[in-house]
Amino acid sequence: MTKDIHQHRILILDFGSQYTQLIARRVREIGVYCELWAWDVTEEQIREFNPSGIILSGGPESVTEAGSPRAPEYVFNAGVPVFGICYGMQTMAEQLGGKVQSSTEREFGYAQVEVLGQTNALLRSIEDAIAPNGNALLDVWMSHGDKVTAIPADFTTIAQTATCPHAAMACESKHFYGVQFHPEVTHTRQGARMLEHFVKDICGCECLWTPATIIDDAVARIREQVGDDEVILGLSGGVDSSVVAMLVHRAIGDRLTCVFVDNGLLRLNEGEQVMEMFGDHFGLNIIKVEAEERFLSALAGEDEPEAKRKIIGRVFVEVFDDEAKKLKNARWLAQGTIYPDVIESAASKTGKAHVIKSHHNVGGMPAEMKMGLVEPLRELFKDEVRRVGLELGLPYDMLYRHPFPGPGLGVRVLGEVKKEYCDILRRADAVFIEELRKADLYNQVSQAFAVFLPVRSVGVMGDGRKYDWVIALRAVETIDFMTAHWAHLPYDFLGHVSNRIINEINGISRVVYDVSGKPPATIEWE
């Protein structure tokens, strides 16, 4: 009998910090399951979840202001360890009888905290340096304006800085801990060890959450959910749908039918690569639909980016629906929904007024399809999906290649999309990526691609002049894709790529390089 991989679990209450998802990812990396819920969760919901421990996240608000978020009182009466981070520490202190004040000295960025003694379970045996008095020093990342000025009864101060007298506090008898810094960010060098101390040593969680156990659990769940029915999946060749295909195939074999739609907006040879990998190599049952003409006809004359996206989404649903109707026994639709999609959608347990979007991985299936949903990646972050993919035997290069937009080249051909433009762009993009790999630059940038500009520019070829199209190259470096810097690729490299594109691809007279950051520009041009 295999162990329940959700048996030991951490509940993270979200107070609005930009780092909250990072806390969850760090806990998962330790090997323990966790979920992210809104701060105003009910006692009944906490009891039902039955956490081994609770983490209170940071947040942008001030504990000193009326109406600011508070942890449910039950959190401190549930009989499980509690770890407050930044705002989480402040609300813990205030709710348990301590004092929090707004400070004129805002701490933001790197700081060094002094650990006061080594007897507490959270910070024991952790150090980055030693102070002259023999106390451990930790390099941490601060981001706060308020600070705790008096800790609750039964608590002790376990760390301090020159400007923050209570940088960390602990009540060992109840296993309550608070830190004013952010252990989840890499700038806090020993942060992972602090979280590991809390999750494993203090909460007593076993490390049951691994790629191998996630696969076993997903396969068992799929088999239980679909029984003897058949399943259909829209396979794009992207990371999420590829991992779903492998999981569902492992669970039910040939009762999975994958539909791969070649919409004419894919990268060079992508359709052939998908069919070869999943059909020939892994033996999945795949239907390839040649739909280039249908998509390009629908896009003809349209040059507005959002309208193009909607057309591409609508036509995909129509094509997929046509194929699904042919599969009379398909009762289930598999989708590559992942945990961040769930967090962002109204269906999420963190669903509040600030919901960002309603997510449907395939653009929303028609209601008349009346299929049940199979979403085996629903609990996983993107980095976990990739690790599961590696465990399933998918190639590293495929799992870790740069992001590609859902509408494909439809939003990298500016303005109206035509077959001629797509063919030119496909080849230019392939040259750029090939040269990045050859120069060992591909993994040094977060995303790189070519863009087709629908403007003609004069050029010289031999003794004659030519009047052809312009290609823009884009490469960025980013951690979270929310902000990005343009990549400072070597001039010699860019010159070589430009020469290859102009000399090898008919119809291009000029290559330019995009040196815009995000903000103000977005990463994609449309």
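Keep in mind that glycine also has a Cβ here, set from the backbone N, Cα and C atoms.
Taken from Swiss-Prot, the feature active site, nucleophile applies to CYS86, supported by sequence analysis. Its Cβ placed at the centre, CYS86 (active site, nucleophile) has 26 other Cβ atoms within 10 Å.
The active site annotation in Swiss-Prot covers HIS182 (among others). Around HIS182 (active site), taking its Cβ as the centre, 24 other Cβ atoms fall within 10 Å, counting all chains. HIS182 (active site) falls outside any helix or strand according to DSSP and counts as coil.
Annotation comment: Swiss-Prot describes GLU184 (among others) as active site. In sequence order, TYR19, LEU22, ILE23, ARG26, ILE85, GLY191, LEU195 make up the list of same-chain residues 6 or more apart from GLU184 (active site) whose Cβ falls under 8 Å from its Cβ.
According to its DSSP assignment, GLY238 (ATP binding site) is coil. Sequence-distant contacts of GLY238 (ATP binding site), defined as residues of its own chain at least six apart whose C-beta falls under 8 angstroms from its C-beta, comprise GLY336, PHE404. According to Swiss-Prot, the ATP binding site annotation covers SER236, GLY237, GLY238, VAL239, ASP240, SER241, SER242, on the basis of sequence analysis.
Look at Swiss-Prot and you will find 9-208 tagged as domain 'Glutamine amidotransferase type-1'.
Among the features that Swiss-Prot reports, domain 'GMPS ATP-PPase' is placed at 209-401, with the record citing sequence analysis.
Comparing SER236 (ATP binding site) with CYS86 (active site, nucleophile), their Cα atoms are 41 Å apart once rounded.
Compute the center of the Cβ atoms of SER236, GLY237, GLY238, VAL239, ASP240, SER241, SER242, which mark the site for ATP; besides them, the chain residues with Cβ within 8 Å of that center are LEU235, VAL243, VAL244, ALA245, GLY336. Around the Cβ of VAL239 (ATP binding site), 22 further Cβ atoms fall within 10 Å across all displayed protein chains. Sequence-distant contacts of GLY237 (ATP binding site), defined as residues of its own chain at least six apart whose C-beta falls under 8 angstroms from its C-beta, comprise PHE260, LEU266, GLU270, GLN273, VAL274. Proximity of SER242 (ATP binding site) to non-local residues of its own chain (separation of 6 or more, Cβ distance below 8 Å) is seen for LEU235, SER236, PHE278, GLY389, LEU394, MET398, LEU399, given in sequence order.
Closest to HIS182 (active site) by Cα-Cα distance, out of the recorded positions CYS86, VAL239, SER241, is CYS86.
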